[in-house]
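> Pulled the feature table from TrEMBL, pasting it below:
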TRANSMEM  50-68  transmembrane segment
TRANSMEM  80-99  transmembrane segment
TRANSMEM  105-127  transmembrane segment
TRANSMEM  134-153  transmembrane segment
TRANSMEM  183-205  transmembrane segment
TRANSMEM  217-234  transmembrane segment
TRANSMEM  240-258  transmembrane segment
TRANSMEM  270-294  transmembrane segment
TRANSMEM  306-328  transmembrane segment
Amino acid sequence: MKRFLTSVVAFAVGLAVISILILCTAQNPLSTLASFFLKPFYSQWYFGNMLNKMGLLLCASIGAIFALKTGNFNLGGEGQIYIAGLLTAVLLKSSRFSFSLPQFVLVFFIAGLAAGVFGMFCGLLKIRFGISELLSSFLLSAASLPIIDYLIIGPVRDTSGNLLATAPIEKEFFLTQLLPPSYLNGSFVFSIVLCIAVAIFFSRTSAGYRLQTGGKAPEFAFFSGFSVYAPSLWGMFASAFFHGLVGFFAVTGTWHLCHLGFSAGIGWAALAIALIARLNVYALIPASFLYAWVESASDTAVMSGTMQFNTAIFLQASIFLLISAEFFTRKKFPREPKPESGVRI
């Protein structure tokens, strides 16, 4: 449990900051505070949407932790989610087969592979030119966002509506709702199963062991006969692929179209959840639930007018600050050994 101490402290600090802000700014502090944390459980609508958000965040955090466990850092999640969502909306706008399943599955892989190519390219830059995948993934994502924005605003926009968005996908491609009238759908179950599968992959398979070893200890991997390039290439590919699936599920399960900036914040939230989990894939499930709970509570408070800004950003900030710095677990200076009794120094 010691390894999760920093995560618990970071989460508690974030909640404390949010609570203090509510107490200082609300007209009825105590009732507002209680409503803030309990409202996501008030009805099927709120609870189902919270679980739906959890499913998307869980899938994205699987991508984030896959990169971390293979010695990489993927900061391009938002761009990868965005491009996958746009492709999904465009390719599922009309049915091209008499039976919808083949097209649905085909677009599922196209969306994931399109995002995966972004990640693999960053891994290739790292291997070939020594360019940090942290920088390349972030810069590629930052460069792709305005391009996708332009496509949504211009060439692929649905001019029949007022939204800055693509046309809706065909209804036959909508994921079935599990808890109507909320948006909770089968992507939630898929994310849980995917999380367990990835955990088994890293803990029980030789391929998972080789990727982890190559990412953490390249020299050891080299002398053990493992590929030292696979973690950068396939680690970043898988990370981006899973982010791409988030874009696919967001369009087919939640929005049913690709609107301007829908991926904003998901990539950073996924990274925060992966840091909370401390490289434990199974821990992503409770971590994503807690994060989705606070984010849903914040969104609900903003929409109802109780709060004027999204307070979930303070939770994210505390996680990045405390966990990344290892403030509570890493000692600043090594302790000097005590001299034996009777020995003069």
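Glycine is treated like the rest: Cβ placed from N, Cα and C.
For the listed features, I'd like the structural context: burial, neighbours, distances.
Long-range Cβ contacts of the transmembrane segment (50-68) within its own chain (Cβ-Cβ under 8 Å, at least 6 residues beyond either end) map to 40, 74, 77, 80-81, 119, 133, 179, 182-185, 187-192, 194-195, 198, 235-236, 238-243, 245-246, 249-250, 253-254, 266-267, 269-271, 273-274, 277, 279, 281, 284-285, 287-289, 291-293, 295-296.
Panel annotation: around the transmembrane segment (80-99), residues 60, 63, 107, 110-112, 114-115, 118-119, 141, 144-145, 148, 151-152, 156, 166-170, 172-173, 240, 243-248, 250-252, 257-258, 262-263, 266-267 of the same chain, lying at least six beyond its termini, place a Cβ under 8 Å from a Cβ of the stretch.
Sequence-distant contacts of the transmembrane segment (134-153) (same chain, at least 6 residues past either end, Cβ-Cβ under 8 Å): 73-80, 82-83, 86, 118-119, 121-122, 125-126, 164-166, 236, 240, 258-261, 267.
Here the transmembrane segment (183-205) has long-range neighbours at 48-49, 51-52, 54-56, 58-59, 62, 65-66, 69, 175-177, 211-212, 242, 249, 252-254, 281-282, 284-285, meaning same-chain residues at least 6 beyond its ends whose C-beta is under 8 angstroms from one of its own.
The list of residues near the transmembrane segment (270-294) in space but at least 6 beyond its ends in sequence, with Cβ under 8 angstroms from a Cβ of it, reads 3-4, 6-7, 10-11, 14-15, 18, 37, 40, 50-51, 53-54, 57-58, 60-65, 68-69, 75, 77, 192, 195-196, 198-199, 202, 243, 312, 315-316, 319-320, 323-324.
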> Is the transmembrane segment (240-258) packed against any residues at least 6 beyond its ends, judged by a Cβ distance under 8 Å, and which are they?
52, 55-56, 59-60, 62-63, 66, 74, 76-77, 80-90, 92, 104, 107-108, 111-120, 122, 137, 152, 158, 163, 165-169, 173-175, 183, 185-187, 190, 194, 266-267, 270
